[in-house]
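Features as listed in TrEMBL:
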{"type": "DOMAIN", "residues": "36-183", "note": "domain 'Beta-hexosaminidase eukaryotic type N-terminal'"}
{"type": "DOMAIN", "residues": "209-584", "note": "domain 'Glycoside hydrolase family 20 catalytic'"}
{"type": "REGION", "residues": "254-291", "note": "region 'Disordered'"}
{"type": "ACT_SITE", "residues": "403", "note": "active site, proton donor"}
C-alpha cells in the first residue's frame with residue numbers, strides 16, 4: 001500500500017531530455033522478507049507464519065518431464081540449503097500483526113505441482129502463467145483477477161496445510177517454483193528452520209510480455225561457460241526467458257566448427273532454346289566443389305584455443321537454459337561486424353582493420369565486412385548455417401544487419417564492378433539494393449533451416465529493405481531510440497524493444513578508445529536501475545499498436561566486460577527490466593506500465609520497488625551471483641530514509 005504524504009516537483013535531466021517528475025508518494029514500511037521479485041500480477045497474503053518441514057518436497061505429476069523433475073530437485077536443494085538472511089528489516093508495527101501461533105504445530109510437508117499441458121516447447125505462444133496456494137483453498141477455475149473482498153476473505157485464516165502450484169505448462173510451473181522459493185525465509189535464530197510468513201497466500205501470476213530477454217556479447221571479450229551458466233541461473237531468478245547470445249562479431253569468432261569435405265554437384269546448365277533437347281540424366285555434368293576449412297574460423301578468429309565454444313558446449317548450455325525456462329537465440333552478426341571471418345576467409349571479406357582511421361569503414365575497430373557479391377561468400381555462409389542452426393532448436397535466429405558501412409563497399413572494386421555491370425548506381429539507394437540482396441539470400445537460408453529471422457532496425461528504417469517489406473513476419477529489434485518502436489510497427493512488423501536510451505547496461509563507463517580523453521561514452525548517461533525501471537515499452541502506442549510489441553531485452557555489450565565484472569554490470573539493473581517485462585512498473589495504469597512524466601498522477605512504483613530489489617540483490621548474492629550494491633547498506637537497513645529530500649515550503653538555506 002502506498003500513502004500520499006508529500007508533493008515535490010523537481011527538474012531532472014535524464015538522457016538529455018529534461019522533464020518534471022512529481023514525487024507524490026512515500027511507502028508504508030512493509031515486511032519485505034519473503035517479498036517477491038519480480039512482483040506478481042495478483043497477490044493476497046494473511047498474517048500467520050508456518051514452518052516448512054525438513055523433509056519438504058515437490059509432488060510432481062505422474063511421469064513428469066525430465067526437465068521438470070530436475071527443476072524440482074534443484075529448487076528443493078536451494079530452499080533447504082539456503083542460509084540467506086535479508087538485511088532489510090521487518091517493520092515492527094507489521095511484524096506485531098504476524099501470528100506465530102502455528103509455527104511449532106503447522107508444517108508444510110509438500111507442494112503439489114499440477115500441469116495441464118505436457119507440451120515442453122517454449123516460444124512466443126507458450127502460456128507461462130501459474131497460481132500458488134499456500135494454506136488456502138481455491139476453485140481451479142477461479143478468475144485470474146482477485147477482488148479486494150476475495151483477498152480479504154482469503155487472508156483471514158489458514159484453512160489448509162497444503163500447498164499447490166497450478167500451471168498450464170511446465171514453464172509456468174518453473175516460475176511458480178521460483179516464486180515459492182522466494183516465499184521461504186530462514187528463521188533469524190536458526191537457518192535450518194524454514195518459515196513461510198504471511199500465510200495464507202494466494203498468487204495469480206502471468207507475464208505482460210512473451211519475450212523477456214537479455215543480450216550478452218561473447219565476441220568482444222570471451223566469457224567462460226561458467227559465467228554463461230551463472231547468467232542463466234540469474235535470469236531464471238528474475239523470470240527472464242530469452243538469452244540473446246551475441247556470439248560472433250568483428251573482434252572474434254569463438255564457435256568451433258568442422259571442415260567440410262569435397263563434394264560433387266551439377267554444373268550450372270547453359271540457357272537453351274525451348275525446342276532444344278535437354279538430354280538424358282547421364283549427360284548431366286558434375287564438378288567437384290572443394291571443402292571449406294570452417295575449423296579455421298575459430299582456430300584463427302577466436303582469441304585463443306581456450307576461448308572457444310564447442311558444439312557440445314553450446315548444446316549443453318541450450319539444454320540447461322531450457323530446463324530453466326529460457327530460450328537461447330543466437331546472433332551471428334553480418335554482413336557488417338565481420339573482421340573475425342577474415343582470418344579464415346580473407347577472400348570473402350573487405351575493408352579489413354582500417355587502422356588508424358577505422359571510422360571510414362565501421363562504427364568501431366576492427367573494421368571488416370562480408371563481400372555480398374561473391375558466390376563464395378554464400379557458400380561459406382550456407383556451410384556455417386548448416387552446422388550452427390541445428391545447435392539452436394529455437395524457432396528464431398538473429399541475423400544482425402546493423403551498422404553496415406556503405407563506404408566500405410564503395411571502395412571495394414569487386415562490388416563496384418558488379419554494380420556498374422548491372423546498372424546499379426553507386427548511391428545510397430544502390431547500396432541499399434546490394435544489402436537487400438544479401439539479406440534476401442541470408443533469410444532464405446534461415447527459413448530453409450526453419451528459423452524466423454530477427455534483424456536490427458536499420459534494414460527497415462534506414463535501408464528500406466524490400467525483403468522485409470515482403471516478409472512481415474521478420475521481427476525487428478529497436479536499439480537506437482525507443483521512438484523507433486512506433487515507426488517499425490507502422491510498417492507491419494513485430495518489435496523487440498530495449499533501446500540505448502533506457503536499457504543499454506554498458507553505457508556510462510567512459511569510452512574504451514585509448515586516446516579519447518573526454519571521459520564520456522557514446523550512449524551516456526549511465527543507466528541506473530531507476531532509469532531502467534521507468535521505461536514503458538508501449539509508450540506512445542495505441543492499444544492496437546501495442547499488440548505488435550513482443551517484449552524487450554536488456555543489453556550488455558562486451559567491450560568492457562569479461563568474467564571479472566559480468567555479474568556486476570548485469571545485476572540487479574537487469575532485474576529492473578525483468579520486472580517491467582513481467583508485471584510492469586505501475587499499479588494503477590490500464591497497461592500496468594508507467595505513462596511517463598506527463599500523466600496527471602505519478603503511478604511509477606519505483607519507491608515501493610526499492611526495498612524489494614535491494615532484498616533481491618542480496619538473495620542473488622546468496623546464490624553466488626555477484627550483483628552490485630544499489631545503495632549504502634545503511635539505506636538498505638533503513639527503508640524509506642534514502643529518497644530524494646522533501647523540503648518544507650521554506651527550506652533552510654544551504655551553506656556551500
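Using the three backbone atoms N, Cα and C, a Cβ is placed for every residue, glycine included.
TrEMBL: automatically predicted annotations, no manual curation.
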Inset, instruction - Provide the number of Cβ atoms within 10 Å of the Cβ of the residue listed as 'active site, proton donor', excluding the reference atom itself. - result: 15
Inset, instruction - Using DSSP, break the domain 'Beta-hexosaminidase eukaryotic type N-terminal' (36-183) down into helix, strand and coil residues and give each count. - result: 41 helix, 38 strand, 69 coil
Inset, instruction - Please give the average pLDDT for the domain 'Beta-hexosaminidase eukaryotic type N-terminal' (36-183) in this predicted model. - result: 91
